[in-house]
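K.L.:
Checked TrEMBL, it gives:
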- 328-337: compositional bias 'Polar residues' (COMPBIAS)
- 39-296: domain 'Periplasmic binding protein' (DOMAIN)
- 310-337: region 'Disordered' (REGION)
- 1-18: signal peptide (SIGNAL)
Amino acid sequence: MSLVLIAGVLALTLAACGAQVRDSGGGDGGGGQEGPLRIAVVPKAVGFDFWEQVRIGAQCAAKEAGGSEVRIQWDGVTAETNVSGQVDLLTNFATQGVDGMVYAATDAKVLADVSQNALDQGVTVVNIDSGTDPQPKQVPVVATDNVAAAEEATEYLVEEMGGKGEVAFIPFQPGTATNDTRTEGFKNVLEKNPDVELVAEQSSESDQNVALEVTENILTANPNLDAIYAANEPGVLGAAEAVRRAGKEGDITIVGWDTAPDEVKAVEEGVVSALVAQNPFRMGYDGVNAAVDAIRSDAQLEDIDTGSTLVTQDNLDDPDVKAVLDPSCSNKPEVSE
C-alpha cells in the first residue's frame, strides 16, 4: 500500500513540474555527453502573447528532438525595460553550465558582453528577435527582417492616408535592435513621402497603459491627426484604446506590429487597419534547433529570416495567416517571404 502511495505522489510531483513554464523539458540537467542538452530560452519579457508563441515553438523543437535529449529552461523578466534583470538571468544560466542560450536581447549594446562571456564559457548562443551590437560572428540571429517589414507596413499606411496628412509614431524602447530597425524602416518611407508629416513621436516603454496615455496626449495636441504607427503590441493596444475613447475609430488609421488576440480583434472591428504578423513560433522553434545543431556538430550557423505577413481584414481567414496567428506543433506556420 505504501508503495502505491509513493508512486502516486511521485506521479503528481512530476506532473506538477511538467506544468511549470520555467522548466518544460525532461530529465535531469548536466549537459554535454552525460545527460540531455540544457537550452535556456529567455524572451525579452514574459506575459506577452508574442513571447508565449516563442515558448511554444521552443518546446516543440525540444519535443521533436526527443524529450530525453533536449531540455528547455524557460525564464524571463516581467518588463522589457528590465535590462539589468535580463543580464543577471542570462549570466546565471551561463554560470550554471547550460549547453546553450537562446535569447532576445533587451538592449543591443548592454547584452553584447553577456553573449561574449557566455561564449567564453563554452555556451552556444543564439539570438532570437533581437541581436546585440556588436553581434559576435558565432551567434546567429533568428528574427524578422524588421527594416523590410516596417517599410512594407509604412507604405500601406501612407497609401491608406492617400499619400498625405499627419502621422504619429509610438516606438517602445530605443536601443533595442527591433525598436531601432522598425524606426529605420518607418522613416525610410516617410523620407520618400514629403506630404506625410511626422507630428509626434513618443515611446510606450512597452507598457499598454503608457501607450494609452501617450496616444491620448498626442490626440489632444494634434486634433487633425490622420494616422498612427505603433512599433509593438503594447503600443498598438494602447493606441487603439485611445482612439476608441476619442470616438475616432475609422477616422485615424492605425498600423502596428504583432498579433495578440486583442490586436486581431481590433483589426476585425476596423479600429486597426493592419498588423505586421511576425513568426514568433518559428523564432523559438528555429532558435532551439539552431542551438542544438551547433552544439552537436560545432557548425557555424547562419542568420535566419523568419518572415512576416501584413495582416488586414482581407486576409484574416487565409489558412497561412491563421497558422501564424494560432500556431502549434501540429500546425507549424511556414516562413513567409
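Each position is counted from 1, following the chain as shown.
Every residue gets a Cβ built from N, Cα and C, even glycine.
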K.L.:
Mind checking how the region 'Disordered' (310-337) divides into helix, strand and coil residues in DSSP?
P.N.:
7 helix, 4 strand, 17 coil
K.L.:
Restricting to the domain 'Periplasmic binding protein' (39-296), report the mean pLDDT as a whole number.
P.N.:
97
